[in-house]
There are 2 protein chains.
Amino acid sequence: MKLSILGCYSATPRTLNNTTSQVLEINNHMFLIDCGEGTQVQLRKHKIKFNRIKHIFISHLHGDHFFGLVGLISTFRLLTRETDLHVYGPKGIKEVVTLQMKLADSWTNYNLFFHELTSDKSELIFEDDKVEVHTIPLNHRVYTNGYLFKEKEGERSLNVLAAEKANIDIAYYRKLKQGFDVVNENGETIKNATVTKAGKKPKSYAFCSDTMYKEDIIPIIESTDVLYHESTFLDKHAHLAVKTKHSTAKEAACIAKKANAGTLLLGHYSTRYDDLNAFKKEAQEVFKNVELCDDGKVFEFN
Amino acid sequence: MKLSILGCYSATPRTLNNTTSQVLEINNHMFLIDCGEGTQVQLRKHKIKFNRIKHIFISHLHGDHFFGLVGLISTFRLLTRETDLHVYGPKGIKEVVTLQMKLADSWTNYNLFFHELTSDKSELIFEDDKVEVHTIPLNHRVYTNGYLFKEKEGERSLNVLAAEKANIDIAYYRKLKQGFDVVNENGETIKNATVTKAGKKPKSYAFCSDTMYKEDIIPIIESTDVLYHESTFLDKHAHLAVKTKHSTAKEAACIAKKANAGTLLLGHYSTRYDDLNAFKKEAQEVFKNVELCDDGKVFEFN
C-alpha cells in the first residue's frame, strides 16, 4: 500500500503549496482521492500514468478539493484515453462537469461514470475481489464524505511440502488457499490449518477531510492501519476550527487514538503556519505514531 | 504598455508549460486575458497583486482558456476581496461559475459582474476616459472572441513657455491640452497648434486566440501596435490547423502583414514541438517583426 501526496494544503493553491489530492496504490488499484486545481500537473510531476487511474473519489465540492477534476477529465480526452473512468462524489458533480463539457462542445471518448452520493450513512460504494471502498460521512460546511479503502482478507499461505506429505492432490491447492478442508488421496479429511497459515494481513486506509471533530466516524474506521485526518488548525486557533467546521491536530489525534489507528497522517494545513512540526508535536501529546504529509511525499505501508 | 505571459501553450497544462493567460497593463489598468488552469499560481509567481485585476476577458470556453477562472474567483473571495470584478466572455460563463459557487455554498463578498457575449460582430465592450476594449470575432470550433485594447488619444503636450509668452491665463491650460484654441489676456485668439504638440501616441494591443486564418479581422485590428496571434502549428501540420480550426505561424504572419501590425507575438504552441524558433523562422518569411511568447516572458512596449 503506497500513498503519494500530490497536495495537502488548504484552501488556495500557491507557488509551493498544492491543494488536496492523493494517489493511493492498493492491490494494483490506483485510486485518486480529491482533485484540487493543478492535480493533473502534480500527477505528471509524480510520473503517475494517467491510464492507471480508473476511480476518482471526491470528498466534497469545495474548490480546493475538486477544481482540478474537469481539467483532468478533459486532458484524458485529449490524450485519447479509452479506459473507463468512475467518479464518486456528492450530488451535483455530474452536472458541473457535463455543463463544462457541453460549453466546450467536447465529450469524452471514453466511458465516464458518475456515482453521486447523498447518504449520511456509511455505504459500500466499490468492491471487487480484492478491495472495498466505504464512505465515511463527515461534518463540514457542505455535504462531505471521507473514504475507507480496505483490502479484503487474502488467500491463506499454503505449505506445499506439508500438502505433499499429507498426500493431497495438486488440484485441491486452490481450495486449501481459500481456507477449505480437503480429502486426500487416501480418502482422509485434512484440516486446512495443518497445511496452511494466514495470508498477508489486509491493509486499510481511511481518508477524512474536511471535517470538524466527529466521533461518529470511529466505528467505521476502527483499527484502520493508516488514518489521514485533516488538521487545518493548531490548538490556539481551535475557535476557527469550530467556526469553519475543521479540526485541530489534537482533535485528529483524539480520533486516531479512539479508533485505535496504526498511523495518523496529518494534512490540510492552513497556509497561515510556517512550521508544520507544531502540528506533529500537538498531535503527539495524544497519539504517538504521527506523520506529517507534505506535497510530493510518498508513504509506503508494508 | 506591458504584457506578462503567464501561459502560452495549448492544450493541457504540464510541468513546464502553462495554458493561456496573460496580463496586459495599459494606462493603469491591469487586464487579465484568458485564465487556464493554474493561472492563480502564475499570478502569484509574477507577484501580480490580485486586487489590481478588475477585468477578466475570456476568449472561449475551452478548458485551456478558462478552467482557472472559477478557482481565481473563489480565491479572491477567500482573500476577502472587496473590489468589483467584471468578467467578459461567451454566454454560459455565468452559469458555469455560479453553479460551482452554489455547489460549494460559497458566494463572493465582492460584486461580480458577468458580461456575456453573443454577437458575431465586433463590439465596444469596455470604455473609460483612457481605454477602449473591442471584441474581435474569431473562427474556432466554439464561439470565440479575441480582444482589442486601445488607448484613447491622450492630451496634447503643452509648451508652457510658449503659452506664457502668448499671454494665456493658466486657467486655459486644460483647454489647450484638450486641443482647443483659446483667447489670451489681450483678447487675441491663440491657435492651439502654436503652443501645443501631439501627445504620446496611443498604443493598442490585439489578442487573437484561438482561431483559424480569418481575414475578416484585419479591418478591426488595422495598424495595431502589437498583435498576439495564435500559431498552434508549423506549416508541415497545416492540415491539422484546418481540421482543428487553428492557425500556423505563417498564417499568423500573413494577418500581421495585411493588418500592418507593429509587432507580431506568437503563442498557443502545440506541445508536440521542441523548438519554438521554427515558429519564428516560418513567420519571418512573411513578416519581419516577430517575437516568441513563452511562459514568464514580459514585454514592454513604449
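Glycine too: its Cβ is placed from the backbone N, Cα and C atoms.
Per TrEMBL, these features apply:
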- A:Asp64: active site, proton acceptor (ACT_SITE)
- A:His60, A:His62, A:His140, A:Asp210: Zn(2+) 1 binding site (BINDING)
- A:Asp64, A:His65, A:Asp210, A:His268: Zn(2+) 2 binding site (BINDING)
Additional residues around Zn(2+) 1, ordered along the sequence, whose Cβ is within 8 Å of the centroid of A:His60, A:His62, A:His140, A:Asp210:
A:Ser59, A:Leu61, A:His65, A:Leu138, A:Arg141, A:Val142, A:Thr144, A:Ser209, A:Thr211, A:Lys245
How many Å lie between the Cα of A:Asp64 (active site, proton acceptor) and the Cα of A:His268 (Zn(2+) 2 binding site)?
10
Nonlocal residues around A:His268 (Zn(2+) 2 binding site), in sequence order (Cβ under 8 Å, 6 or more apart)
A:Cys8, A:Tyr9, A:Ser10, A:Thr20, A:Ser209, A:Asp210, A:Glu230, A:Ser231, A:Thr232, A:His246
For A:Asp210 (Zn(2+) 1 binding site), just count the other CB atoms lying within 10 A of its CB, please.
27
Which whole-number value in Å describes the distance between the Cα atoms of A:His65 (Zn(2+) 2 binding site) and A:His140 (Zn(2+) 1 binding site)?
13
Could you list the residues of the same chain, at least six apart in sequence, whose Cβ is under 8 A from the Cβ of A:His60 (Zn(2+) 1 binding site)?
A:Phe66, A:Gly89, A:Pro90, A:Leu138, A:His140, A:Val142, A:Tyr143, A:Thr144, A:Asn145, A:Asp210
Under 8 Å, Cβ to Cβ, against chain B: pull out the ones among the binding-site residues A:His62, A:His65, A:Asp210, A:His268 that qualify, in sequence order.
A:His62
Once DSSP output is merged into helix, strand and coil, the residue listed as 'active site, proton acceptor' belongs to helix
For A:His62 (Zn(2+) 1 binding site): intrachain residues, at least 6 apart, with Cβ closer than 8 Å:
A:Ala11, A:Arg141, A:Val142, A:Asp210
For the recorded Zn(2+) 2 site formed by A:Asp64, A:His65, A:Asp210, A:His268, name the remaining residues of the chain with Cβ within 8 Å of the site's Cβ center, in chain order.
A:Ser10, A:Ala11, A:Thr19, A:Thr20, A:Asp34, A:Gly36, A:Ser59, A:His60, A:His62, A:Ser209, A:Glu230
Note down the number of other Cβ atoms within 10 Å of the Cβ of A:His65 (Zn(2+) 2 binding site), including every protein chain shown.
30
